[in-house]
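See structure below.
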Amino acid sequence: MMDWNNKNVVYVGGFSGFGYQVCQMMMKKPMKHLIVCSRMENVEMLKKLQAINTSVKVMFVQMNIADYASIVKGVKQVIGHVGHVDVLINGVGGLADKDVETTVAVNLTGLINTTLMFMPYMDKTQSGHGGMVVSISSVYGLEPGPAFSVYSAAKHGGIGFTRSMADEHLYHKTGVAFMCICPAMTSTELMMNKRDMNWMKWVPHSEEMWKMVMDAKMQTPEECAVNMMTAMEQAKNGAIYICSTSGMKEITPTVYMH
């Protein structure tokens, strides 16, 4: 089970949706620091987080994970403040298939670069104490997403990265557990902004598929956050969880080579 006591937690993500809801829930834990890394600062949201628990120091570091130099600068600032990281939550996501490079950068390469740059400050054989990396993916990282194939491909890649980093040999060396959380359809700002079908017209034959996606029953960010916290509390290396209106469920991907 996860021990939150005196931990330095880094959340890389925005100030809306289930990621921010998770931050609110984590603030009730006996952490030492919560550092929010995002492209834009939201002073009011940071104040609301701090008000939940004045014993946990809330900090903000600007970081754009689609920009390698910004990640380098952001990680340096974080480590300058706290020295090491115990929990890293990769919570950035972007659904904009028309912009292939940005979609891949936000959902895959940014996640990889951010994780690898923080690893020396988590790895117990280097400057860290061990810990946990939690990457927020999507059910469309587990199954095809024909209405948004680029997004789906990037999320598949993120899960592949997580599973590879969770290798037992690496885990025993570094002390860093890796897990992935895959929310099902959630009524976040990311999804609600896509109700205008015009944005999908550049993808041939996608309108009907996208309508089916948007007509599906969605969980609220609050429901998703509760399930995510339950999953994180398990602190199980290599675990992949689906969070949906049905609750939280651990899944086991097929292994083809032994």
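Note that Cβ sites are derived from N, Cα and C of the backbone, with glycine treated the same way.
As written in Swiss-Prot, here are the features:
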BINDING   10-34  NAD(+) binding site
BINDING   Ser138  substrate binding site
ACT_SITE  Tyr151  active site, proton acceptor
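The number of other CB atoms found within 10 A of the CB of Val22 (NAD(+) binding site), across every protein chain shown, is 25. The number of other Cβ atoms within 10 Å of the Cβ belonging to Leu34 (NAD(+) binding site), over all protein chains shown, comes to 26. Using a 10 Å radius centred on the Cβ of Gly14 (NAD(+) binding site) and all shown protein chains, the other Cβ atoms total 21.
Spacing of Leu34 (NAD(+) binding site) relative to Ser138 (substrate binding site) is 24 Å (Cα to Cα, whole number). Under the three-state DSSP scheme, Met26 (NAD(+) binding site) falls in the helix class. For the recorded site, Tyr151 (active site, proton acceptor), the DSSP three-state label reads helix. Each of the recorded positions Phe18, Met26, Pro30, Ser138, Tyr151 was scored by the other Cβ atoms within 10 Å of its Cβ; the lowest score goes to Pro30. Taking all protein chains in view, 29 other C-beta atoms sit within 10 angstroms of the C-beta of Val10 (NAD(+) binding site).
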